[in-house]
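Student: Let me give you the structure first, and then I'll get to my questions.
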Amino acid sequence: MAPSNEGDASALGEWRRWSSVDSRILTKVRSSVFCGYYYFGAHAFGLFWEAAFGMVLEGGNLEPRLTWLILLLLLLVEFSCILALALVEVDHWTTNLVISRFGLILAVDLLKLVEAPLGACALRRLVTTLEMVTHLRVIKWQLVLPAAHEVVGVGPPLNADNGISLTWEDLWVTVPDAKGSRRPIIKGLTGYAQPGEVLVIMGPSGCSKSTLLDALAGRLGANTRQSGDILINGRKQTLAYGTSAYVTQDETLITTLTVKEAVYYSAQLQLPNSMTKSEKKERAEMTIREMGLQDSMNTRIGGWGAKGLSGGQKRRVSICIEILTRPKLLFLDEPTSGLDSAASYYVMSRITKLDQREGRTIITSIHQPSSEVFGLFTNLCLLSSGRVVYFGCANATNEFFASNGFPCPTLQNPSDHFLRTINKDFDEDIEQGSTGKRATEEVIEILVRSFKSSDGYREVKRQVSEICKRGGTGSSLEKSRSHASFFTQCLVLTKRSSVNMSWDLGYYWLRLAIYVTLSLGVGTIFYDIGSGNDSIQARGAMLSFITSFLTFMTIGGFPSFVEDMKVFERERLNGHYGTTAFVIANTLSAVPYLFLISIIPGALAYYLSGLRPGFEHFLYFDSVLFTCMVLVESLMMIVASIVPNFLMGIITGAGIQGLMILGGGFFRLPNDLPKPFWKYPLHYIAFHKYAFQGMYKNKFQGLTFPTYQTGRRGVITGEYILKNEFQVEMGYSKWVDLGILLGMVVLYRVLFLAIIKIVENVKPAVSKFMYVKPKQNIQVMENPTATPIHMN
């Protein structure tokens, strides 16, 4: 509990016991509370002298020099109030209030000096109002200080009642093997993580560090099964949104955004509508400063072809995004992977400050930390082949190894020694004191048996039992947290996606250049095609090329969309927003760019070839072209939701479109198509059928062409050409074809949404249906309901 505004010494002592902050921060808190008191004391002193000054002025018997001296004294008192508030770091709005009040008081006193009592009285009323608002905000920010203040380094950490203690007991995880049975990769692990501590999971490659982290976070794959109890504060419960977060090993970030944009957009998505935009922006900037990225706020994250942030900075941006909601439980999967020792230390030091300052429970896996990084950890869980070799205080690990005959050599990194001792990939003999060398497998068995029979293991069991007892009698966690409304999510996602599309050259701009080049090629080949009999087939060929092959190039944006899908998957798993908001925002943000890359190339091809005059015909032509591009992009979105690998996705999408083009009715007329598969159902489900027919009707209906088939000059109508040459269905107008295309756009988008929803909701439902309580330790269950992460 934080000390009250009366400065209770016992409360301050209690707070110090719960807090892990150093004496510098405690000193700052005391100074901050003192400055808050000073503000009110100085203000009261100023009011007293102002009243006395007013009475003296009314008497009219004060020398001018003394009048100005008293006025200067009052101004100094008011200025000292501003300095006091600057020291305690109130919000900007309160500071502006104080400065405004300071200026008004100066005006009041000057009006009194020039004998304008009515004006002074009116301003004094405004000053009184500002004083009341200022006092209320100072009380809110300062005298209830450390409970509500969010300035870095000020405020107590969450205590055990508000924090999250995570325990797991007899945890097993199995995966299927080649023989059809199941192989355990985590074997009967027991451990705990408490508020204000950093638990690090360490071990050689392939020892199931990430699997353990995923099991605790509720992110195991569909083919895995687990058994055992995972409890939150001694209970089986699900955390509310925003109370837990997971930072993945890969930096799945939007590379075209700056650090400030990435964090601020995420803040708008995650934080509730009850917070104003300025408060969300302030939270984002404060989080950026917490992770030491204030000098890189306007630097783009960067990706292929564009230099941006370093690996360590990208990792810190990922952490920034996940701690915006101030989660009580934070998972990090190898946050130092790929970083040098200096960057690793900087990243981990920032992470460890989070638990000290705010009482978070932090669980992280790490591969091979330096000695400086290892010294930052509170507890260590050392794994080998899915078994626990050691669990306990990180500083006592060397003592445990030494007691079993494997001391860390002088001047050697302890973590290097631990990992070398328990790494059996290379099966080197390990020296055990003066008794000679032992095989690595034998050394691991010695250490595992030693830990199981040690006081450290019994202490782990005791801690787990104590946490469960304490959690069973304590208050339950908050059941819900609000985030941005659905409308806000759609709006922010649309804006973020538009910014990304505008800066990503491969998303639309490169396609626009290719489309313009192809359109110029089509326009020059079919330049001024004319209206003779020989132009009929040329017109049909040109329209078919534009409808099929020009729209075919829309798959070029597939790699960029796959990157968007990766970001979406990470943010969806962490509950930032829902699937529907993503689909709507992606559709709305893509429409202007697709319209741009359809109207410019379309105009070039249409007018260079001299197709049918009339703006209404060009408008229909471009509407079909635009709709076909949206359709192909929607189709590739469906492919991306099923085949996330961009190379396989491009091949799959190209194959699907190739089949649709063949069955569309141009290369083989509709009546000549083989009925099985090609005519029924492919010809009718391929959008090319309706695009071809709409384009043909728009071009030929109402026109006549000369013919010389009978040896004499005659005319042939466009309707005859449509019915006999292209076998177009004439029972409905071209607008019906366009309407069918628009309906297919909606269908494809809904199908994309449905596929993601199936993956999101049906899999957990099936896993829950298949769940069976294990009777023995070796029995397993699929994705138990006792996982701590809330899946949105």
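Cβ coordinates come from backbone N, Cα and C, glycine included.
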Student: Per TrEMBL, which of 101-122, 541-562 is transmembrane segment?
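Tutor: From TrEMBL, the annotated transmembrane segment range turns out to be 541-562.
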Student: Looking only at the domain 'ABC transporter' (166-410), what is the model's average confidence as pLDDT?
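Tutor: A mean pLDDT of 86 is what the model gives the domain 'ABC transporter' (166-410).
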Student: Considering only Cβ pairs under 8 Å, which range in 508-529, 541-562, 646-669, 738-759 makes the most contacts with the transmembrane segment (582-607)?
Tutor: 508-529
Student: Could you check whether the transmembrane segment (738-759) and the transmembrane segment (541-562) come into contact, where contact means at least 3 Cβ pairs under 8 Å with the two residues of each pair 6 or more apart in sequence?
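Tutor: The answer is no, given that the two segments have fewer than 3 Cβ pairs within the 8 Å cut-off.
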Student: Which sequence-distant residues neighbour the transmembrane segment (646-669)? Criterion: at least 6 residues beyond either end, Cβ under 8 Å.
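Tutor: Apart from its flanks, the transmembrane segment (646-669) reaches 540, 544, 548-549, 552, 555, 558-559, 562, 632, 635-636, 639-640, 678-679, 682-683, 686-689, 691-693, 726-727.
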Student: Is the transmembrane segment (541-562) packed against any residues at least 6 beyond its ends, judged by a Cβ distance under 8 Å, and which are they?
Tutor: 504, 506-508, 510-511, 514-515, 518-519, 522, 526, 529, 601-602, 605, 609, 611, 624-625, 628-629, 631-633, 636-637, 639-640, 644-646, 649-650, 653-654, 657, 661, 664, 666, 688, 691-692, 695-696, 699
